[in-house]
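Visitor: Before I ask anything, let me first share the structure, which is written out below as structure tokens.
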Amino acid sequence: MSQRTERRGGIHVDQSDLLCKKGCGYYGNAAWQGLCSKCWREEYQRVRQKQIQDDWALAEKLQREEEAAYASSHGPQTQPPSQSTPPHPQPGHASLGPFSKFEEKKTNEKTRKVTTVKKFFSPSSRSAPKKETQEGKTPSPSVSRRASFDTDQVSKDFVDFLKNLQKPGREIHKQCRAFIGNMSSKKDLSADELSECVQDFYQNLADRLMGHFKCSSESVEQVMDQVEKYIMTRLYKSVFCPETTDDEKKDLATQNRIRALHWVTIEMLCVSFDEEIPEVSENVVKAITDVIEMDSKRVPRDKLSCITRCSKHIFSAIRITKKEPASADDFLPALIYIVLKANPPRLQSNIQYITRFCNPSRLMTGEDGYYFTNLCCAAAFIEKLDAQSLNLSPEEFERYMSGQASPRCSGSEEDWSSPAPAPTNPVLAQLNQNLEVLSGLSGRQEALMEAAHSLQADLLSWPESVQHEVHDILKKYPLEVLPRSAPAIDDNNDVDNDNLPPPLTPQVV
Amino acid sequence: MGEKLPQVQGDPQLRRDTLSRPVRTLRAKMVLLGSSGVGKSSLALRFCKDEFRNTSPTVGCAYLTQVMHLSDVTLRFEIWDTAGEEKYHSVTPLYYRGAHAALLVYDVSKRDTFIRAQVWLRELEKQYVAGSTVLWLVGNKGDLAQHRQVSVQEGQSLANDRGLLFTETSALSGDQVDKLLLAVAHRVYECVGAQQGGLSEWQETPHVDLRRRNHLFASCCKVGP
């Protein structure tokens with residue numbers, strides 16, 4: 001450190017100027033604001049850290065302000081969210097939001113522990129139990145209102161129904177309650193085992209009614225319908241789409257699949273609908289509504305009747321279009337089309353649920369069974385659907401699937417597809433507009449970031465350039481201490497005083 | 001309604017002894033398989049043309065029912081039509097699950113439908129449980145004799161080779177259709193109905209009638225312990 005570095009010609013720089021400003025003993029560098037490399041790095045980190053902290057603080061402050069503003073505007077309505085609040089409007093069609101349902105389900109799992117002992121109702125009959133506590137089913141506060149109302153109603157109906165059966169009625173009620181209690185302790189079983197339990201219970205109860213109480217098969221069937229309704233309403237929460245299965249994953253896969261197939265048209269599936277006829281399109285809408293409604297039902301039989309209603313609307317639509325009764329060759333493609341258009345929430349879960357917990361004879365035979373089988377076929381077909389099944393070339397299929405092309409835009413099917421895109425077009429237009437706005441915004445943000453970066457670079461290089469300038473000027477005009485060549489001007493010497501007029505003197509008037 | 005009430009009481013065996021008309025009604029599921037255009041739907045309509053209490057008229061001919069009266073039993077056929085197009089072939093097994101009878105239909109004037117029928121047959125045989133399903137080969141459109149591409153002998157020999165029953169029909173003229181259904185009914189009752197639980201009982205009113213529920217268990221409570 002004591003060694004003297006070479007002196008730049010004419011520039012007088014003190015050694016201390018070259019050293020790090022922090023005084024660590026190393027040499028500094030102008031580019032690093034006179035710091036040595038080590039101190040510069042430390043300083044730079046410190047500044048950055050501070051900036052990050054400042055940003056955070058600013059963000060937090062903004063957030064608080066926003067919350068305060070929100071709270072002041074919604075102040076009177078906000079309530080502690082822990083309690084269920086009756087005035088809150090319940091989602092009328094929970095089926096419309098499959099994801100919120102998933103969310104709900106998760107919430108239910110969490111809030112299961114919440115102990116809300118509730119008196120459902122007090123049945124007037126002395127044969128019925130005086131009180132019914134929660135039986136392994138604790139609805140989350142957000143849905144408890146409607147759910148418990150449903151459950152109340154079903155329990156009431158069930159008790160009313162059994163009251164008329166007297167002794168067998170009491171026996172049935174006892175068995176059902178015992179079974180539900182049993183089931184609530186079996187949550188860890190797989191879905192198939194649960195299904196077996198329920199099916200065994202149906203079978204045993206039916207056998208007992210037949211054998212012990214000598215009931216006719218007709219009345220047994222009636223009783224079993226009521227039992228199914230009662231039991232499945234109560235078990236629904238724990239056995240529908242249980243976490244032990246991958247039903248939920250399949251639901252999402254199917255949903256995405258159907259979404260990706262949004263471009264499939266009536267002609268591709270060879271469906272004989274003429275949606276220009278108002279009656280036909282009305283039936284199509286009703287069919288779509290029915291198949292979507294299936295998800296909102298809890299009892300397998302109710303779900304089946306939704307499917308049956310949907311199917312009947314499809315038959316009507318075909319019959320109006322073709323003016324002759326529809327055959328299976330017309331029906332299945334039409335159902336596939338309806339499923340594609342409706343994208344029913346939790347389709348796979350519902351199919352699985354019905355398969356597991358419905359009376360099997362109802363699924364294999366009977367009208368409901370026929371339509372349910374068709375729905376299963378439609379779901380299976382959609383899963384496997386490929387170019388060939390739509391009479392497309394593989395290239396076309398790929399293009400449509402990837403969204404590079406749309407059959408609606410090709411114009412060749414203008415006359416056919418004109419009614420179909422009408423409802424989707426405003427949505428698509430809005431979507432496109434939003435996308436445009438978004439891409440414009442992102443472009444502007446990028447430009448902004450670029451400008452900010454260049455500004456930062458400018459700012460960093462500015463001291464350097466100033467220093468350079470100073471250097472250059474110093475180089476150009478080296479500091480020279482000149483010897484005192486001219487005599488100093490003596491202010492006290494009155495050489496010119498004679499030329500000046502005499503000073504004014506104050507006069508008294 | 002009044003006629004049905006006495007039937008409600010007692011189990012099937014009891015009823016046979018106590019009622020003057022000792023008839024049980026059993027339900028049987030029949031599936032129609034075959035390429036599109038071979039006349040499955042027309043055949044199904046023919047099967048059911050006589051039934052006065054048909055399913056509601058707005059419903060098409062994909063699901064139909066027909067009651068067959070045999071000597072000591074009544075079979076209520078549920079006829080399931082299937083989509084014949086080849087692209088739906090992979091999902092068809094869902095239809096014939098639990099069927100008591102499967103009719104393999106082909107068009108005698110189109111050879112390719114006969115070949116397709118053999119494909120269906122192979123598919124069916126994979127799922128086939130001996131004695132649980134009656135398989136029947138049906139050559140339809142027998143009225144189109146001048147365009148015939150598949151001879152009666154061909155159909156018959158295929159049926160003999162694979163252990164099927166064989167009939168040629170004409171859904172257009174109705175020729176042989178009634179006989180076919182009756183034959184199927186007999187065969188189903190012989191093969192399947194004999195087994196324990198092969199066919200389930202059919203109830204006329206599966207819905208709860210609120211006015212009648214007081215009588216539901218009126219008798220069984222007296223009988224019960």
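Backbone N, Cα and C atoms are what each Cβ position is placed from, and that goes for glycine too.
The annotation compositional bias 'Low complexity' is assigned in TrEMBL to A:72-82. Residues or ranges marked as compositional bias 'Basic and acidic residues' in TrEMBL: A:101-112. Residues or ranges marked as compositional bias 'Polar residues' in TrEMBL: A:136-145. The annotation compositional bias 'Pro residues' is assigned in TrEMBL to A:500-509. What TrEMBL lists as domain 'A20-type' is A:14-48. For A:248-391, the entry in TrEMBL reads domain 'VPS9'. The feature region 'Disordered' is assigned by TrEMBL to A:63-149, A:403-423, A:486-509.
Tell me what's around each of these sites.
Guide: Within the compositional bias 'Pro residues' (A:500-509), the DSSP-based counts of helix, strand and coil residues read 0 helix, 0 strand, 10 coil.
Residue counts for the domain 'A20-type' (A:14-48) under DSSP, helix first, then strand, then coil, are 19 helix, 4 strand, 12 coil.
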Visitor: Please spell out the DSSP helix, strand and coil residue counts for the domain 'VPS9' (A:248-391).
Guide: 112 helix, 0 strand, 32 coil
Visitor: Mean pLDDT for the domain 'VPS9' (A:248-391), as a whole number?
Guide: 90
